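J.: The structure under discussion is supplied below as structure tokens; questions concerning it will follow.
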2 protein chains.
Amino acid sequence: MPRFDKQGLLIAIALDSQSKDVLMVAYMDEEALARTRETGLAHFHSRSRGKLWLKGETSGHFLRVEEIRVDCDQDALTLFVKPEGPACHTGARSCFYRKLEGDALVRIEG
Amino acid sequence: MPRFDKQGLLIAIALDSQSKDVLMVAYMDEEALARTRETGLAHFHSRSRGKLWLKGETSGHFLRVEEIRVDCDQDALTLFVKPEGPACHTGARSCFYRKLEGDALVRIEG
């Protein structure tokens, strides 16, 4: 079963189950994982706010979780999700919408 | 430019640039990112050993980095890589070779 680190957290990577694109990455504590499994909606733990966070709670852009994979060390998860809207708070489909080129960040999608 | 957290780390997710499969996830500090960019081979920071780690140093299974993407908060990266062998120390192609089903972990690839 998943193992949480000294801070009680593990890494959760949300992937679009259709395109396989990485949408976002955040942390989960035990509560966030339990709520995710109970509801089928991705919940995370906000390190800055120190509390549970239902992704889409304010935006309506929930991530419906279809499958959860676990890594060899059991301290990281990949969530295969169906996104209900853009995953990024900027309105981008994925939070990873820029690439590093030399010293510049170059936008790769609209 | 990338921002490191209070521990001086950011999350780095390695993806197969061909299949887009998530291969592994680890942490990078500033040194690991600099060495990765200099050499084109993925370097990470081992939290347990507290030091720089060239992926493949002992196994020969290096990850050749073709592109680096940065997330909205600039505290996580996706590395698009060409893997030179299995990415996982268990010999699996990806570290995420099991899924959560109820209370069980079920192997999804050989």
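The first residue you see is number 1, and the count goes up from there.
Cβ atoms are placed via backbone N, Cα and C, with glycine included.
Caution: TrEMBL annotation is automatic and unverified by curators.
As annotated in TrEMBL:
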type	residues	note
BINDING	B:Asp71, B:Asp73, B:Asp75	Mg(2+) binding site
BINDING	B:Cys72, B:Cys88, B:Cys95	Zn(2+) binding site
DOMAIN	B:24-97	domain 'Phosphoribosyl-AMP cyclohydrolase'
J.: Using CB atoms and a 10 A radius, I'd like the single residue among the binding-site residues B:Asp71, B:Asp73, B:Asp75 with the highest neighbour count.
T.: B:Asp71
J.: Cβ atoms within 10 Å, counted per site: which of B:Cys72, B:Cys88, B:Cys95 has the most, among these binding-site residues?
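T.: When each Cβ's neighbours within 10 Å are tallied, B:Cys95 leads.
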J.: Cα of B:Asp75 (Mg(2+) binding site) to Cα of B:Cys88 (Zn(2+) binding site): how many Å, rounded?
T.: 24
J.: Looking only at the domain 'Phosphoribosyl-AMP cyclohydrolase' (B:24-97), what are its DSSP counts of helix, strand and coil residues?
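T.: For the domain 'Phosphoribosyl-AMP cyclohydrolase' (B:24-97), the helix, strand and coil counts are 10 helix, 30 strand, 34 coil.
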J.: Fill in the CA-CA distance, B:Asp71 (Mg(2+) binding site) to B:Cys95 (Zn(2+) binding site), as an integer in Å.
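T.: Pair distance, Cα basis, whole Å: 22 Å.
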J.: Can you give the mean pLDDT for the domain 'Phosphoribosyl-AMP cyclohydrolase' (B:24-97), rounded to a whole number?
T.: 97
